[in-house]
Amino acid sequence: MAKMLKFNEDARRALERGVNTVADAVKITLGPKGRNVVLEKSWGSPTITNDGVSIAKEIELKDKFEALGAELVKEVASKTNDVAGDGTTTATVLAQAMIQEGLKNVAAGANPILMRNGIAKATDKAVEQIRNASRKLSSKEDIAHVASISANNEEIGNIIAEAMDKVGEDGVITVEDSKTLETYVEFTEGMQFDRGYISPYFVTNTEKMEAEMKEPYILITDRKISAVKSIVPILEKVAQAGKPLVIIAEDVEGEALSTLVLNKLRGTLESVAVKAPGFGDRRKEMLRDIAILTGGTVISEEIGLTLEDISINDLGQADLVRVAKEDTIIVGGKGEPTAIKERIAQIKAQIENTSSDYEKETLQERLAKLSGGVAVIKAGAATETELKEKKHRIEDALSATRAAVEEGIVAGGGVTLLRAKKAVEEFANTLSGDEKIGAQLVAKSLDAPVKQIIRNAGLEPAIIIEKIIEKDDSKYGYDVLKERYVNMFESGIIDPTKVTRSALQNAASIASMLLTTEVLVAEEPKEEKGPEMPATPDMY
């Protein structure tokens, strides 16, 4: 395949056109008075969104060189989304401002490599200022404010705050479709996994079709149980203790299953058998989680334990185990709190070290189950289009809220970046030559988000920004919704520190890469051939 090449200034200008196309489409959504963008879908109804990364991903340009610039901006948005879950539009606006300012300097003869060094140093200085301005979340109201701003909706903010308050920092919160028009939150207490009873004969509540075991012993094994003789000794010990028994095993079948059912029907021993959750190594880890939560031991030949040898001390215990047809919930596991804490710390370390999204998701799920909380936000709306948009906003707000819990919050509305500008300008003056130019372009770009927020509200930025800077108070800013100067924290106009920091760092990274680009290489577009003419028959 033949390639096309572009060099020097031509290359950079083509990239800039691509950057501007994406950034101009994205930046109109910034702030509480930002507009929406309608995205055409090849199937189903169109999507209406104000989420920067969703809009950026949909844009594909015909010109191959401009498309390269567009891809770089998409990278800014998606990287910020991956790290912080929000701030994609802010990152895009910052990147565009840095690139436009940087290209002017490169065209005027500045050395891009030295400029890049200046950009990196100035970004570190700005991040330091952002961290200094950060404060920890102090209340449920703070969480609600962060979520409300990200979702642009107070009701969603309160629902997320309620969910996070119940499940805690390590709990899992998922978003599903509601069967009604209402948006609400459902909680699952304790550890839940998606395996139910092996036989309906174990049911104790025929109305709900559930087996409910109060203060049971829990036998946990990775083996298949089919011979009754292997479990008779432990069944006798549990029956003598006068408590019910829950068996979690790879499978329970044959005479072992019929003995358990028969004992249950005769009233000799209340019991229920459940298949172990997960598969392979994941199953082993989940069984260990259950064992640690309940204070039991996983009966496995790997550690030299057989079913015949176990004592009642090897069994786990809980306040309540509720088993339905398709899921099981263990409430109030009686494991050692220190052992549970150690297991949680171990899973957290694994989450930090894994690069696989799927692996991360399953580990977070296990973490939540051990921490004892799963919340499901049921999103309701009148139409499919509105539902899609609402779910998207809830997911974004959840990510932003987690980021806020992790690193704290700063004044929102672009004010924190604006206030970092002065320190970065002073720092730039300590540098020299083209490094200084690189640092200065970072300083100049720091007011781009606040300007865009004010413009999107139909107001003039210059006067408002001047008045904000006049007052030397990091909490002081402008509420574009109410059109007045306020204490940003008291008014609930706050952003997660992680979001603001990530947006700036990712924008600076992409701007540096683009400014140091000299050559573009792209594939030549294929010529589309028209349909061939059918052969005409010979004329005689």
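Cβ atoms are placed via backbone N, Cα and C, with glycine included.
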Quick one: which of Gly157, Gly408, Gly413, Gly433 does Swiss-Prot put in the ATP site with Thr29, Leu30, Gly31, Pro32, Asp86, Gly87, Thr88, Thr89, Thr90, Asp479, Val480, Leu481, Asp495?
-> Gly413
For Asp479 (ATP binding site), which residues of its chain lie six or more apart in sequence with Cβ-Cβ distance below 8 Å?
-> Gly413, Tyr485, Val486, Met488, Ser491, Ile493
Note: in the chain of Leu481 (ATP binding site), residues six or more apart in sequence with C-beta under 8 angstroms of its C-beta are Pro32, Lys33, Ala457
Across the listed ATP-binding residues, Thr29, Leu30, Gly31, Pro32, Asp86, Gly87, Thr88, Thr89, Thr90, Gly413, Asp479, Val480, Leu481, Asp495, what is the farthest Cα to Cα distance, given in whole Å?
-> 21
